[in-house]
Amino acid sequence: MEQYEKVEKIGEGTYGVVYKARDRVTNETIALKKIRLEQEDEGVPSTAIREISLLKEMQHGNIVRLQDVVHSEKRLYLVFEYLDLDLKKHMDSCPEFSQDPRLVKMFLYQILRGIAYCHSHRVLHRDLKPQNLLIDRRTNALKLADFGLARAFGIPVRTFTHEVVTLWYRAPEILLGSRHYSTPVDVWSVGCIFAEMVNQRPLFPGDSEIDELFKIFRVMGTPNEETWPGVTSLPDFKSAFPKWPAKELAAVVPNLDASGLDLLDKMLRLDPSKRITARNALQHEYFKDIGFVP
């Protein structure tokens, strides 16, 4: 750990404290994540070390690069490139952002590019949200942070500071207790983020798992065996769920053009087997006029 000098604490993530730090060897500024593990007395599980080591191989312009993994005194520190702006901060500080469809499109394209890369390496994110989409102020390049950490460490219900981990971007199959979910969970999250960029407010801001599900069903319709074969067999599906009809997406996201609505509709299919893949989303007509993307 001698190589890294902490400069200041910059936040508290899902897994532990995040510091702005300096690499004493290269003098570059980095982000240092101290991972707080549940079973701290036992040290770091070897499975977590293996998972994290694989992530060092992931290199792509839309992924925050994991530069180093330091295992010291039963603690795990992850060293990432440093970016100080995230999509949530950007949306909060620039409400006019949603009025710029080109920028929304450019950010969405980069999110999908990063995800398609990860999925092609069989890595899921599972916890995508505006807070872990980082933006380079100079270039408007967008990079996904915390990819693969969920598999290494699990997703806690609360962070180590007892903040509730957000459910707003969680896919319906996870909320319904499916154990066999896959890459479509990330595409669902991206759909929610897409709508939020356009509407300037979260699409499904639930405050509990059941509230989250019902907020989804009120817009997308309550699923049944016809619309989602197998849904009634999921562990947390209840036949007593209210049966809401689906709304028109155009009424829910009124500022989005027809091709944008078509893409959003394909990302927000309740049945994960019918959801568009990240790779196919990049080929969608919505992006035909995309031009240069950082």
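Cβ from N, Cα, C; glycine included.
Going by Swiss-Prot, these are the annotated features:
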type	residues	note
ACT_SITE	D127	active site, proton acceptor
BINDING	I10, G11, E12, G13, T14, Y15, G16, V17, V18, K33	ATP binding site
DOMAIN	4-287	domain 'Protein kinase'
MOD_RES	T14	phosphothreonine
MOD_RES	Y15	phosphotyrosine
MOD_RES	T161	phosphothreonine
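DSSP gives E12 (ATP binding site) a strand state. Here the recorded positions are E12, D127, and the one with the most other Cβ atoms within 10 Å of its Cβ is D127. DSSP classifies the residue listed as 'active site, proton acceptor' as coil under the three-state reduction. Summary of the ATP site environment: with the site residues I10, G11, E12, G13, T14, Y15, G16, V17, V18, K33 set aside, the chain residues having Cβ atoms within 8 Å of the Cβ mean position are K34. Under the DSSP three-state reduction, V18 (ATP binding site) is assigned to strand. Local packing around the Cβ, expressed as the count of other Cβ atoms within 10 angstroms, is greatest for V18 among the binding-site residues I10, V18. Here the recorded positions are T14, Y15, G16, and the one whose Cβ sees the fewest other Cβ atoms within 10 Å is G16. Distance from the CA of D127 (active site, proton acceptor) to the CA of I10 (ATP binding site) is 20 Å.
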